Amino acid sequence: MPAVSATDNCLIIAGYVVGQCEMRTSPAGVPIGRFLLEHRSSQMEAGLAREVYCRIPVVACGAPVANVVCDLVPGEAVRVRGFVGRANNREGEYRLVLHAAHIEIFNAD
Amino acid sequence: MATLILRIAVPSPLDRTFDYLPPPDCDLSALAPGVRVRVPFGHRDVIGFLVGTADGTAVVPDALRSAHAILDAEPVLSAETLNFLQWAQRYYHHPPGEVLATALPTLLRQGEPAIPPDIPVRWRITAAGREALAIGTALRRSAGQRLLLEHLAPYPAGLTTVSLRTTARNPSAILRTLRAKGWVEPHAAPGPENPPNPCSRSNLARPVLNEAQAAAVAAVVAELDHFQAFLLEGITGSGKTEVYICLIEAVLARGRQALVLVPEIGLTPQLLSRFNERLPGPLAVMHSGLTDRERLNAWLLARDGLARVVVGTRSAVFAPLRTAGLLIVDEEHDSSLKQQDGFRYHGRDLAVMRGQQLNIPVVLGSATPALETYHNAQRGRYTRLSLPERVGGGRESPIEVVDLRRQRLTEGLSQPLLARAGEHLARNEQVLLFLNRRGFAPVLFCHECGWLSQCHHCDARMTIHLRQGQLICHHCGDQRAVERACPLCGSVDLRALGQGTERLENALQTAFPDIPITRIDRDSTRRRGSLEVLLAGITAGGARLLIGTQMLAKGHHFPDVTLVGIVDADQGLYGIDFHASERMAQLILQVAGRAGRADKPGTVLIQTHQPGHPLLQILVSQGYPAFAAATLAERKAALLPPFTYQALLRAEATTAEQATAFLRAGLALAETIADGVELLGPAPAPMERRAGHYRAQLLVQALQRQDLHRFLDLWVPRLRAKKRDQRVRWSLDVDPIELY
């Protein structure tokens, strides 16, 4: 099996901010922002058009991305690029979380 | 003719004395036990103590060496002190040289002559200093300097650096600054040490004793001419200090000296300044915060009888007294009275013994007596005197329990506590929150993988200190920067778990943004003089939040505090050590005693997840005497001290195996002689690894004290004689107050 590289885990997803963003700073001073992203779009699957809908938690660690999260308001449209990882290491839980490397605010209208 | 042989106790870990020939040209008739002798010891010269002489020796003549010199004409250890120390040495099974050395100030141990100090330099305020004080703006930013100047102002003849210690922990540094500004000047003062001054003691109104205080004073005064131990059990604010002062005055009136042991002098400047105000000086003050020279001077003042009152921490129990008349141990339950390394003596227990040898009364004072003392009072060995009322008729503050279960907590603070704090602050009163954990939080952990900030050298987690950005181990002192990312999984989502005083401060700043906050713990008082500045801020009055560890719990008088919150009472309820609940109760009541001391009634709130805990219930609803009775009943049923007598053999080594092997060998040595004693272990210490060493222990327990000591007398020499693994360090602790 060929080696898996960092670029093999990349997700770009756009949608709306659901609810309030949560901001904190780790004891070492790293700012951490979290919010829930709701995505809706039309996609083609097996040659047919269909609607998709999902929600995924986004975590933004470090000043560049966390500062963006800090200013987000509920309902705002964002496009997030980053990698996905397990939300925690608890046995049997496989929820995913998107670790943002870049967040772009765009006008959805 | 047989030559005279000197028996010398040399400060060394060897449990014996050494024989020497007298130095050449020595006047043998002038030799008295207790003088210091400079002797060759191995390849170096050391200072030992003459404990006796003999006509012969078992040492082969060729190996017998001559002492270099006798250092004293008059013994530095009087016959009384020597006798007392030798008793202590036998009781605690500690090498004689080290025990004798403990009793002396460092400079005497190093061979400094024991001659009285010159008249100390006194400092007085200059005209420019008075001006600066009057204007005030010049001193706005330096509370320490202002305090010192204010203190000096009423003394035209000036004060010595030592007596200024009641105002500032390091007066010398502040005096230097003030002198550079021309605000104070030194002068060599003739005349008496503490000259009377316009607003001094003579003019201070003597508080009138209440009935209980007067009865206590009368009871002790009636027995001043012989030994009797008293337990002075007075609730916080009941005026124990006033009783001490009256007793000391009675003793001084008989031309004798009084010795007062206090737990931590640096923390109780108020007690010292009251003594200074009320008692004729000079006061000999002895504690570890003094310079070596100051300690020697205090020692000489006491020995020569110039200081009629000696105040000091535990080691002052060995102070030389020319005409001892009374021993007082304040806060006798306090664990700082017990020395925890080297010569592990208990200052209170030794004070009782010394009182017995001197045939003078000993007064043990506390609001929350140690259970050992309580037990002795119950069985009539100590006379119990109680002060059940607060001076001025105030009541003890009621204690309420806040059940934390299912409560929404803000950084460890419940809504009821925050709401009540708000009410008291709104009335311009002060609120004290007690949390016996310094730092920001006791644990750093990874939210993603569960990693914990383990210390590399101890079985403990490192505490987060956010201001310094460091993780610090409170057991070995090791520190490192707070990790940016989890060392295990790389996540930056690290979180602080639990509360420390720093975190509490942050939370309260958010909850009460307009209220000034004073945090008192070891971190906030590290700089000399900073404690005094913080305390001055509190005494200035006005709404204020006080946050503190046990440093804040002891002896301070905060007249404006009307609400005390104990943030986490659960720490002490389920400790592995059987002393834990006693400590918790004492601490809770000591802290509670800070509330409502003046004319304002106080309230105490205890936050706990265990509101139904039987001991906590008894403590809150029935008070300390009921708590003590219940705990003593438990101890009796479980055959624990004070119903049994213990000694703890501790061993530590770089592997657990080495430490345990030593203890197993110790157990084997005990087999044939363990009569009336029980040996438990070896077992690992409650926290097995500390600072890279594995620690284990062997507990010796007996129903009769004589049995324990008869056994130790036989066992300890065998332990010392045994050829053992040099990598193991061991110690024996008689009457241990904690299991490691």
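Here, residue 1 is simply the first one shown, and the rest follow in order.
For all residues, glycine too, the Cβ spot is worked out from N, Cα and C.
Values in this document were obtained by computation on a predicted structure and should not be read as measured data.
Feature annotations, reproduced from TrEMBL:
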BINDING   B:C446, B:C449, B:C486, B:C489  Zn(2+) 1 binding site
BINDING   B:C455, B:C458, B:C473, B:C476  Zn(2+) 2 binding site
DOMAIN    B:221-387  domain 'Helicase ATP-binding'
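What TrEMBL annotates, mapped onto the structure for a quick look.
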residue : record                : DSSP (3 states)
B:C446  : Zn(2+) 1 binding site : strand
B:C455  : Zn(2+) 2 binding site : coil
B:C473  : Zn(2+) 2 binding site : coil
B:C486  : Zn(2+) 1 binding site : coil
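Between the CA atoms of B:C486 (Zn(2+) 1 binding site) and B:C476 (Zn(2+) 2 binding site) there is a gap of 22 Å, rounded to the nearest whole number. Note on proximity: among B:C446, B:C449, B:C489, the binding-site residues of the record, the Cα nearest B:C455 (Zn(2+) 2 binding site) is that of B:C446. Listed binding-site residues: B:C446, B:C449, B:C455, B:C458, B:C489. Those with a CB under 8 Å from a CB in chain A, in sequence order: B:C449, B:C489. Its Cβ placed at the centre, B:C473 (Zn(2+) 2 binding site) has 21 other Cβ atoms within 10 Å. Listed binding-site residues: B:C455, B:C476, B:C486, B:C489; maximum Cβ neighbour count within 10 Å falls on B:C455.
Of all the binding-site residues listed here (B:C446, B:C449, B:C489), B:C446 has the Cα closest to the Cα of B:C458 (Zn(2+) 2 binding site). Its Cβ placed at the centre, B:C449 (Zn(2+) 1 binding site) has 17 other Cβ atoms within 10 Å. For the pair B:C473 (Zn(2+) 2 binding site) and B:C446 (Zn(2+) 1 binding site), the Cα-Cα distance reads 18 Å. Counting Cβ atoms from all protein chains shown, B:C458 (Zn(2+) 2 binding site) has 21 others lying within 10 Å of its own Cβ. Long-range neighbours of B:C446 (Zn(2+) 1 binding site) (same chain, six or more residues apart, CB within less than 8 Å of its CB): B:L452, B:C486, B:L488, B:C489, B:S491, B:D493, B:L494, B:R495.
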